[in-house]
Amino acid sequence: MSTLLSEVESIDTLPYVKDTTPTGSDSSSFNKLLAPSIEDVDANPEELRTLRGQGRYFGITDYDSNGAIMEAEPKCNNCSQRGHLKRNCPHVICTYCGFMDDHYSQHCPKAIICTNCNANGHYKSQCPHKWKKVFCTLCNSKRHSRERCPSIWRSYLLKTKDANQGDFDFQTVFCYNCGNAGHFGDDCAERRSSRVPNTDGSAFCGDNLATKFKQHYFNQLKDYKREASQRQHFDNEHEFNLLDYEYNDDAYDLPGSRTYRDKMKWKGKVQSTRNKNSSNNRYESSNNRKKKSPFSAQNYKVTKNKRVQTHPLDFPRSSQNNRTNDYSSQFSYNRDDFPKGPKNKRGRSSSNKSQRNGRY
């Protein structure tokens, strides 16, 4: 009966004992490791029942300050360490090579393969070797070789057997970059959202279409790119961009600061200078109005109903041209009455030739 209750288990942390039951053959070839009984594991059955559940197979025997059994800490599914969850994991693990805290998965050297030299760690645009011409005989592409053709492991059925083989609706094709219909993601005219360069191409390209569909697809693609360029040009002209305007920190100077006082002081000087200039101009204009001009309206008979269109610099030649008869007797001018110009290098005042001749 004791042999039926004994269980044969593999070596574990429990203190296994060897079975010494005699057999008919050589006992050395039938050595078995028997699991200990319940009495050997724990003499307290209540504690054994408590350990079942979370520590059913591997009992947790750590105790806290109150003497209760401590539960196991949560285990992270990212780094397989206890003490935190996956959302709070501080470690970065590459999904390609498995390195921890070294690089991200998109920067793994094993995942980046150059199509020019077939080496790992860099793209075709950063290849240090001389450029060589590549051609794929499967999809007739010039951006990758036959061994790296995406059509090998990316095969899509665009039509069923019952569908018409001569027609193809390009509105069922959607772009993975901009989300619009009518073109593939590799042929999108918008800015690429992914930072991974698309130098090698992918299966989402018009080059992977059948020969009878390529011409019609690229004709529509040309019209789409033309409309996209026009729309982009219109958006650039009518778009309000905050970066086009410089940051003005004058509006954010707090009263009481040094910059604020300096600017207010400078503004006060400028304002006082402007007020002084304006007062001088008003004084000069008032003096000029007080002086009686020979060409003032007092010397003429100006009618309100009839307007005579004359040039302001034209001098009246006769008494019929709104001129009084006694004008010549009241006013007479000679050369000295006219204002003199600025002095020249010899100290003489430069006068106009017309003034020297007495004409005005």
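Cβ atoms here come from the backbone N, Cα and C positions, even for glycine.
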What Swiss-Prot calls phosphoserine, among SER37, SER155, is SER37
Between the ranges 134-151, 242-259, Swiss-Prot assigns zinc finger to 134-151
In Swiss-Prot, of the candidate ranges 4-21, 40-57, 112-129, 292-309, the one given as zinc finger runs 112-129
Sequence-distant residues near the zinc finger (74-91) by C-beta distance (under 8 Å, 6 or more away from its ends) are 100-101
Near the zinc finger (112-129) in space but 6 or more residues beyond its ends, with Cβ under 8 Å, are 143-145, 147-148, 197, 199-200
